[in-house]
């Protein structure tokens, strides 16, 4: 009889398998095959395209060791859900690559996976697979998300035309000011800002097809991301600063924080180009329905012909300048 | 006009985007949408299931800083391809999460992506997307692979029955002894062993459906992985040590290395359960055809009723014991 490999207490499973089964087993949907196969098997519904993205969070870069583990997992999943939402697609499943340093305890991982469990129920998807490795460095979490969309109906960054309105969901700047609040540079009496930073609300299920000519999610800062849309479409973007929707908490913080709001990132709202023929109806309701409730939408600017950059105008038509256009990951 | 974010030399792209475009842009297939959208869009062929897996390599755990970058990328892709091969599925695309420490230079990354470029052409798939982040720790590379298989034809680990033969592709132990050779504990005059460790040959395109009742790839050691199959199927596995196929280089190394070969891992061969009715034909040819050439297959044991473990017998029917059953990732 062959000696067993290193085992967990009560089974003859090697440690890695027991770790996966204990912490992530309950999250597995049908495609996961019990997390016991070499790969997951997912049958896309007929006539649906698959939409797939990956996002990584690194300890000390994207979160801190003493951040609550529940929200770290949920934020990671929500950032990915936001990518799906930007393409007008429906969540199906996710895979997790978990590179674990020695200081990440079982208790930490339990709370991390509990947060994910909660969110996958909210957003209607399930774990399909993953990989667990050890590392001598910080915790690295890479989440691959799979969604689906009716064939040919994925919304892309390309597709906007001069004259299209620039619209955004929700409010801008809450995440960026939430980070400031967590760093102690800003008062956050209601805790709203920190909450938005830790648990962004992905706009899953927005009915973008037939409405938006192009879309993306706002993750690196409104101005920088608007610049991406401008460049992708060979257009100039004009934004009107006073029309950018701000939450009560951001308004309370004061206008000196406006540059941070417009360039700070972590919004996870959806930025859309909307052709003029669809704007009147959108302006009338100022809302879009989703399976997770109605989402406010606001017109904040226009695409024009011109240099493939962004101009932000104040109420007097004077261009604003910012020390930085957004967040670069390297 | 808004100030630009930090840019690369000749464009107004932020650094991260220029890094991705320069190094990984040429690898993008149609699904990647130029690596410029929030997610990739892939249209599965009608009647095909999607097969998806993720694998991570961590610097200092799975490879060393002075390993050739070309082979690190290719090994990562090949490990994932091996997972697809075990399910009897066809490669379609891959996504890469690249967590980059400061010591990883552009030149390193260029060589890394060139290796991947070569292999994605060999194995007929293309890059669909990815994410690049910085890290203070070691380089962490997570690769998500997507494949497809005719609906319902994915081969699972479950499905074997008592009486099924245990078969394996190729040869066992080359990767494990290759690691020993690279660590200087074993002579490797032809370089064959190190080559197999660095560049395993995934058995992509094996015609497993209608042949194997269960399959998996051998990555953590033949004995441990055979134990997984035994456990998944509620069976006992009997392996005959002298029938395990060994390459000339492994045979030259000597029989004292047999335990390392059987438990060492890094084989990336396919372990199959084959029902008796399919064994005669398989034994006659001892080969399986794939789009990448014919692959030798060898019968190495039998599944029986009994404890859900593995027994390895020598030529006298005496059970062998090993100090460890295989490689655990934690």
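Every residue, even glycine, has its Cβ placed from backbone N, Cα and C.
All TrEMBL annotations are machine predictions without curation.
Annotation comment: TrEMBL describes B:38, B:83, B:217 as Mg(2+) 3 binding site. Marked as Mg(2+) 4 binding site by TrEMBL: B:38, B:83. What TrEMBL lists as Mg(2+) 1 binding site is B:55, B:131. Look at TrEMBL and you will find B:55, B:83 tagged as Mg(2+) 2 binding site. What TrEMBL records for B:62, B:266, B:327 is substrate binding site. Per TrEMBL, the feature ATP binding site maps to B:130, B:131, B:157, B:219. Per TrEMBL, Mg(2+) 5 binding site is recorded for B:220. Per TrEMBL, domain 'PurM-like N-terminal' is recorded for B:37-149. Taken from TrEMBL, the feature domain 'PurM-like C-terminal' applies to B:161-311.
Around the Cβ of residue B:130 (ATP binding site), a 10 Å sphere holds 26 further Cβ atoms from the protein chains shown. Of all the binding-site residues given, namely B:157, B:217, B:219, B:220, B:266, none has its Cα within 10 Å of the Cα of residue B:55 (Mg(2+) 1 binding site). Here the Cα atom of the residue listed as 'Mg(2+) 5 binding site' is found 12 Å from that of residue B:83 (Mg(2+) 3 binding site). DSSP classifies residue B:217 (Mg(2+) 3 binding site) as strand under the three-state reduction. In this entry, B:38, B:157, B:217 stand out among the binding-site residues B:38, B:157, B:217, B:266 as having a C-beta under 8 A from a C-beta of chain A.
Comparing C-alpha positions, residue B:83 (Mg(2+) 3 binding site) sits nearest to B:219 among the binding-site residues B:62, B:131, B:219, B:266. For residue B:131 (Mg(2+) 1 binding site), the nearest neighbour among the binding-site residues B:38, B:62, B:157, B:217, B:266, judged by Cα separation, is B:38. Distances between the Cα of residue B:38 (Mg(2+) 3 binding site) and those of the binding-site residues B:62, B:130, B:157, B:219, B:266 are shortest for B:130. Within the same chain, residues at least six positions away from residue B:157 (ATP binding site) with a Cβ under 8 Å of its Cβ are B:214, B:215, B:216, B:228, B:229, B:232, B:233. Ranking the binding-site residues B:130, B:217, B:219 by Cα distance from residue B:62 (substrate binding site) puts B:219 first. Listed in sequence order, B:82, B:83, B:85, B:86, B:202, B:203, B:225, B:267, B:268, B:269, B:270, B:271 are the same-chain residues at least 6 apart in sequence whose CB falls under 8 Å from the CB of residue B:217 (Mg(2+) 3 binding site). Annotation note: residue B:62 (substrate binding site) sits in a coil segment as assigned by DSSP.
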